[in-house]
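Participant: Handing you a structure now.
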Amino acid sequence: MPRLILASTSSYRRQLLERFGVPFVAIAPQVDETPLPEEPPEQTARRLAEAKARAVAATLGEACHVIGSDQVAHLGDERFGKPGSAQRAIEQLRRMRGQTVEFSTAVCVLDEEGHVQTELVPTRVRFRADLTDEEIVRYVERERPLDCAGSAKAEGLGIALLEAVESSDPTALIGLPLIATARMLRRLGWALP
C-alpha cells in the first residue's frame, strides 16, 4: 500500500485523520490560496483541496496517496477567511452574529497515478442572535481562533457561539470531512475500519 500523506499543516486536520488509526505523514503544501475573481466559494474549496494534494505529491519521489482539504466560510458573496488577528476575528464574529453561514469543505484524495477523487461537504452554521460583544471578545481572548476560517473553532469553545449546525458530516466543520475521506480511501484499498 502506498504511503498516506496529509497535505496540511493544520493540527485540527491531523487530529481528525488520526482517528483512522493508519500511519500518515503531514506535509505543508505550497499553494497560493487566493480566490480567483468571480469564483464561487464551493469551487474555490474544491480547487484548493486538489491544488494542495497535487503540490505535495509533486515534491515526493515515491507512490503515495495524498489528501488535500480546504474550507471556505461564506455568507452570500461575503467570504470569511482565516482572520490572522484578534481584531479581525472579532469583526468576523460580529458580522456573523444572528446569521447562517455556510462552510464549504472540500477533500481531495490523489492516488499514485495522479487520479483524483474530490467531494464537497457543505455545513450550515447558525450563529446565536443574542451573542454579545463581550462574549465575542472573551471567546477570541480564550480560544485565539486566528487560524480558522470564520473564526469559529466548533471543536472547542466556539461551539458556544452557535445555535445550530447542519451537515451530513460532523467533522467537515473542523476542516476534514472524515466520512467522505474514508469512502475515498476505501476505494483505494485502505481497510477502514
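Backbone N, Cα and C atoms are what each Cβ position is placed from, and that goes for glycine too.
Copied straight from TrEMBL:
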- Tyr12: site 'Important for substrate specificity' (SITE)
- Asp70: active site, proton acceptor (ACT_SITE)
- Gln71: site 'Important for substrate specificity' (SITE)
- Glu155: site 'Important for substrate specificity' (SITE)
Participant: Would you list, in sequence order, the recorded positions among Asp70, Gln71, Glu155 whose CA lies within 10 Å of the CA of Tyr12 (site 'Important for substrate specificity')?
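Facilitator: Near Tyr12 (site 'Important for substrate specificity') by Cα: Glu155.
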Participant: Between the recorded positions Asp70, Glu155, whose Cβ has more other Cβ atoms within 10 Å than any of the rest?
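Facilitator: Top count of Cβ atoms within 10 Å goes to Asp70.
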Participant: Look up Asp70 (active site, proton acceptor) in the DSSP assignment and report helix, strand or coil.
Facilitator: strand
Participant: Between Asp70 (active site, proton acceptor) and Glu155 (site 'Important for substrate specificity'), how many Å separate their Cα atoms?
Facilitator: 17
Participant: Where does Glu155 (site 'Important for substrate specificity') sit by DSSP, helix, strand or coil?
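Facilitator: Glu155 (site 'Important for substrate specificity') sits in coil per DSSP, no helix or strand.
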Participant: Using Cα coordinates, what distance in whole Å links Gln71 (site 'Important for substrate specificity') and Glu155 (site 'Important for substrate specificity')?
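Facilitator: Spelling it out, the Cα of Gln71 (site 'Important for substrate specificity') and the Cα of Glu155 (site 'Important for substrate specificity') are 15 Å apart.
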Participant: Look up Tyr12 (site 'Important for substrate specificity') in the DSSP assignment and report helix, strand or coil.
Facilitator: helix
Participant: Would you mind ranking the recorded sites Tyr12, Gln71 by how many other Cβ atoms sit within 10 Å of each Cβ and giving me the lowest?
Facilitator: Tyr12
